[in-house]
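Participant: One structure is given below, represented as structure tokens, and several questions about it will come after.
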Amino acid sequence: MDIFEEINVKGFMEEAIDPTLDLFAEIEKLKKQKNAVILAHYYQDGDIQDIADYIGDSLGLSQQAAKTDADIIVFAGVHFMAETAKILSPGKKVLLPDVKAGCSLADSCPPHLFKKFKEQYPDHLVITYVNCTAELKALSDIVCTSSNAVQIVESLPKDQKIIFGPDKNLGAYVAKKTGRDLVLWNGACMVHEIFSREKITRLKERHQGVKLLAHPECEEVILEMADYIGSTTGILKYATNSPDKEFIVATESGILHQMQKENPDKTFIPAPPNNNCACNDCPHMKRNTLEKLYLCLKNELPEVTVPEHIIKDAVKPIERMLVISAQLGL
Ligand code: 13P
Ligand code: SF4
């Protein structure tokens, strides 16, 4: 972002909004006027999920970003997601309500260090979890998400040597599921590393028979206790299709909005963290608000761009993932 863009971004974020304005109606109006589409991740605020044209996990969001015919994509998510949308639809304007919505997992893998790491394993194929920067994707052979990581690894020959990054927890889970020996980058997500095994054990004792649904970004000690492990879409589908009435959910709290909406008769208990704060909220995801979404659509800022040479290299591993996913019916 250059200095002029920064000034624009700052100026627009400070713009006052008439408190009597019906933001839902205004956003709908702007969306039609500008032929824009709103793609939202399940970790967004309930209001944002409710106004989105599509809500989904990272795989679903990438698939939507690749096929939309809108002129503008408003990405209600974090920076790497908006970048992925831009890489898949370079001709479209991609907006992110708060340009500072980053990701601790993406930050845990600086591309220049990963490049050196990769050089130590010249005969390895690089699979990267989509939660990483565009620059990192450009250094990869195949991208994956939490809903297809196992299948992507399994689609490769058994003797294929693989580096998996940046999430060590997802990587360890995939290694265990596939029986492959993966070389892991030591990255992690701050939200999924916070859950307390002791507190979950006590909760399970108090609620006999309640199932633990966990995201594979959680640490192994949590995944060992889980009754179901999957992406946000997987967790939502599992809870909806299950005859059970009560669940403990070990992932970011935003998913509870859809879970509750689709299952008003069921109870969802957020998995307790190690300390007493509201740590299952992702501070990056939660930077986006309905107000910022409105201003972003109105001013068409902040815009997320990706340098052309990065798009050229990053699009191949993402498209490879989309092709394998389509072949597998994911
Ligand atoms: P999924 O929705 O693909 O499971 O991703 C979880 C996540 O951490 C996104 O930031
Ligand atoms: Fe990144 Fe974790 Fe937030 Fe997802 S939940 S955006 S992985 S910090």
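Glycine is treated like the rest: Cβ placed from N, Cα and C.
Automatic, uncurated: that is what TrEMBL annotation is.
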Participant: Taking S140, S146, S242 as the options, which does TrEMBL list with H41, S58, Y129, V130, N131, H215, P216, E217, T232 at the iminosuccinate site?
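Facilitator: Site partner of H41, S58, Y129, V130, N131, H215, P216, E217, T232 for iminosuccinate, according to TrEMBL: S146.
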Participant: Using DSSP and collapsing to three states, where does C189 ([4Fe-4S] cluster binding site) fall: helix, strand or coil?
Facilitator: coil
Participant: Between H215 (iminosuccinate binding site) and C189 ([4Fe-4S] cluster binding site), how far is it from one CA atom to the other, in Å?
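Facilitator: Computed Cα spacing between H215 (iminosuccinate binding site) and C189 ([4Fe-4S] cluster binding site) is 11 Å.
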Participant: What binding-site residues in H41, Y129, N131, H215 place CB under 6 Å from ligand 2?
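Facilitator: Close enough to ligand 2 are N131.
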Participant: Cα-Cα separation of C282 ([4Fe-4S] cluster binding site) and Y129 (iminosuccinate binding site), in Å?
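Facilitator: Checking the Cα atoms of C282 ([4Fe-4S] cluster binding site) and Y129 (iminosuccinate binding site) gives a distance of 18 Å.
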